[in-house]
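A.B. asks: What follows is a structure written as structure tokens; I'll ask about it next.
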Amino acid sequence: MKLENTLFTLGALGSISAALVIPNLENAADHHELINKEDHHERPRKVEFTKDDDEEPSDSEDKEHGKFHKKGRKGQDKESPEFNGKRASGSHGSAHEGGKGMKPKHESSNDDDNDDKKKKPHHKGGCHENKVEEKKMKGKKVKGKKHHEKTLEKGRHHNRLAPLVSTAQFNPDAISKIIPNRYIIVFKRGAPQEEIDFHKENVQQAQLQSVENLSAEDAFFISTKDTSLSTSEAGGIQDSFNIDNLFSGYIGYFTQEIVDLIRQNPLVDFVERDSIVEATEFDTQNSAPWGLARISHRERLNLGSFNKYLYDDDAGRGVTSYVIDTGVNINHKDFEKRAIWGKTIPLNDEDLDGNGHGTHCAGTIASKHYGVAKNANVVAVKVLRSNGSGTMSDVVKGVEYAAKAHQKEAQEKKKGFKGSTANMSLGGGKSPALDLAVNAAVEVGIHFAVAAGNENQDACNTSPASADKAITVGASTLSDDRAYFSNWGKCVDVFAPGLNILSTYIGSDDATATLSGTSMASPHVAGLLTYFLSLQPGSDSEFFELGQDSLTPQQLKKKLIHYSTKDILFDIPEDTPNVLIYNGGGQDLSAFWNDTKKSHSSGFKQELNMDEFIGSKTDLIFDQVRDILDKLNII
């Protein structure tokens with residue numbers, strides 16, 4: 001099956017190198033997009049955006065507000081549904097692509113009612129006022145017409161298309177991952193809900209009418225017959241999302257004609273082609289859980305410390321951590337009944353982790369033996385199928401679920417609830433929709449960790465690593481090197497252990513596995529966010545602003561980064577922060593809560609007991625052993 005939209009893979013593995021730079025996405029509709037419509041299915045297309053607020057309609061456009069005509073091949077006007085409706089603030093714009101675009105007609109006068117009526121086309125579907133009633137009688141269609149003039153704000157025009165974005169436009173390898181005719185539509189922040197509902201209703205009607213003229217063998221129906229993704233062969237809106245009115249939109253299958261019209265609506269920020277998200281294989285081998293030990297020591301590990309995790313045994317209590325992944329083996333003994341199933345997003349999939357990746361990540365966050373915060377609650381949010389694949393839109397829906405579940409728990413104000421964290425060890429090509437979803441989830445209060453990716457490239461080229469409000473995590477090794485696969489760059493915030501990490505797995509209630517990747521590094525940070533949240537001082541302490549109940553994600557992100565160990569890692573590019581996370585070593589955290597000036601370096605000193613003193617003297621031997629093991633590819 002040929003697929004059409006953006007690639008996503010689990011952060012533990014290799015994925016596609018692709019960048020998409022969109023200036024000022026919050027006002028993406030204010031940028032002009034140049035797209036070669038004729039060949040957009042055959043090869044990636046270059047999209048350019050230029051600020052042009054004063055652009056006037058072209059000479060080829062008639063001037064009559066809110067009316068759209070599509071020229072047929074023989075020059076006749078083909079009627080098209082209108083999406084703006086009388087509640088919209090402006091009329092639609094030109095959609096000229098390859099000479100076949102939809103043309104808006106702008107009113108030249110509002111005074112001559114008779115002339116105006118002569119100019120008005122009859123619309124098929126579209127809005128309530130211009131609805132065409134169709135009846136089938138004896139195999140023939142009889143069309144009734146009901147037409148009312150629309151009221152649009154005088155003098156305002158929507159002359160530019162909302163951007164159509166796709167990683168495949170910038171990386172040919174991603175074309176095979178695009179899902180044909182399936183799109184994620186994102187509204188501008190603050191778009192009125194009444195107008196959104198009106199727009200969606202019209203889109204649904206127009207899509208149903210759009211497929212009436214298609215033959216049963218049309219390629220559109222090939223994509224919509226995939227019952228693992230589609231709920232209707234006719235297509236249309238399948239699902240919607242809304243995170244506290246900060247990030248909203250809908251998902252569905254649409255013909256090209258309807259996509260063109262959707263992009264003309266002033267409510268729409270951008271349209272993104274949906275795509276397949278995949279997990280690839282990863283190495284499994286026996287190893288010790290050195291990662292926990294590393295984040296609890298500032299100095300380099302030695303034979304006396306490499307397997308010692310220093311922590312507060314109350315860490316994690318009162319915090320809920322959402323694992324947005326392949327699911328979680330919630331019956332694993334190491335979760336001690338603190339793990340529950342939240343939601344399965346993929347259509348017709350089962351409530352279990354048939355892959356293992358999500359269970360492994362959850363174990364690093366909160367399991368008894370392998371977790372950073374050993375008392376936290378875990379919620380499984382399945383966005384990838386048991387075979388390790390899913391869609392970008394399902395990932396967006398998973399983020400929405402976590403955000404709403406957090407808001408509900410926070411509003412209930414249950415005794416002992418201290419906040420929510422989330423981990424998403426996914427990575428792939430740039431997706432504005434996913435980045436905005438993650439940022440919106442952070443804005444409503446979730447402390448978010450995401451994997452930097454495993455392509456040894458600039459993390460800013462991938463999503464959700466480029467979501468600026470999350471904490472983006474690169475992977476380090478036992479020898480304090482940047483892992484050879486780990487992405488880098490200014491979008492990386494911190495590093496955490498990510499090579500040969502032992503954690504919980506699937507197959508039984510006590511299964512374990514050792515995996516590698518930034519997918520394994522990110523849960524260390526999600527666990528550490530959970531750790532600090534659970535141990536935060538009371539709201540009446542000096543650490544909080546007056547009236548504040550808990551640290552905001554922005555505040556905790558800043559403190560976590562500042563408290564981390566600086567300049568201790570090797571092979572870190574110049575534009576990449578040399579920062580390794582640190583949990584405080586199980587000691588008093590007053591320095592963490594108070595610390596706003598002092599930077600912590602690898603020269604941190606503390607009083608050593610006898611065991612630690614002896615261990616420190618073995619550093620040289622340990623380094624030599626490590627070099628030998630490194631050469632044998634054992635570590």
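Note that Cβ sites are derived from N, Cα and C of the backbone, with glycine treated the same way.
Copying in the features that Swiss-Prot gives for the protein in this structure:
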ACT_SITE  Asp325  active site, charge relay system
ACT_SITE  His357  active site, charge relay system
ACT_SITE  Ser519  active site, charge relay system
COMPBIAS  35-50  compositional bias 'Basic and acidic residues'
COMPBIAS  74-85  compositional bias 'Basic and acidic residues'
COMPBIAS  94-109  compositional bias 'Basic and acidic residues'
COMPBIAS  126-136  compositional bias 'Basic and acidic residues'
COMPBIAS  137-155  compositional bias 'Basic residues'
DOMAIN    182-278  domain 'Inhibitor I9'
REGION    35-155  region 'Disordered'
SIGNAL    1-19  signal peptide
A.B. asks: Helix, strand or coil for Ser519 (active site, charge relay system)? Use DSSP.
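C.D. replies: Helix, per DSSP.
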A.B. asks: Reported as an integer number of Å, what is the Cα distance between His357 (active site, charge relay system) and Ser519 (active site, charge relay system)?
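C.D. replies: Ser519 (active site, charge relay system) has its Cα 8 Å from the Cα of His357 (active site, charge relay system).
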A.B. asks: Pop the Cα-Cα gap between Asp325 (active site, charge relay system) and Ser519 (active site, charge relay system) into the table, whole Å please.
C.D. replies: 10
A.B. asks: When a 10 Å sphere is centred on the Cβ of Ser519 (active site, charge relay system), how many other Cβ atoms does it contain?
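C.D. replies: Within a 10 Å radius of the Cβ of Ser519 (active site, charge relay system) lie 34 other Cβ atoms.
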A.B. asks: Within 10 Å of the Cβ of His357 (active site, charge relay system), how many other Cβ atoms can you find? Include all protein chains, please.
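C.D. replies: Result for His357 (active site, charge relay system): 30 other Cβ atoms within 10 Å.
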A.B. asks: Where does His357 (active site, charge relay system) sit by DSSP, helix, strand or coil?
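C.D. replies: Note: His357 (active site, charge relay system) is helical by DSSP.
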A.B. asks: Report, as a single number, how many Cβ atoms besides its own are within 10 Å of the Cβ of Asp325 (active site, charge relay system).
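C.D. replies: Result for Asp325 (active site, charge relay system): 32 other Cβ atoms within 10 Å.
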A.B. asks: Going by DSSP, give the three-state secondary structure for Asp325 (active site, charge relay system).
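C.D. replies: Note: Asp325 (active site, charge relay system) is in a strand by DSSP.
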A.B. asks: With DSSP, how much of the domain 'Inhibitor I9' (182-278) is helix, how much strand and how much coil, in residues?
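C.D. replies: Split into helix, strand and coil, the domain 'Inhibitor I9' (182-278) gives 36 helix, 32 strand, 29 coil.
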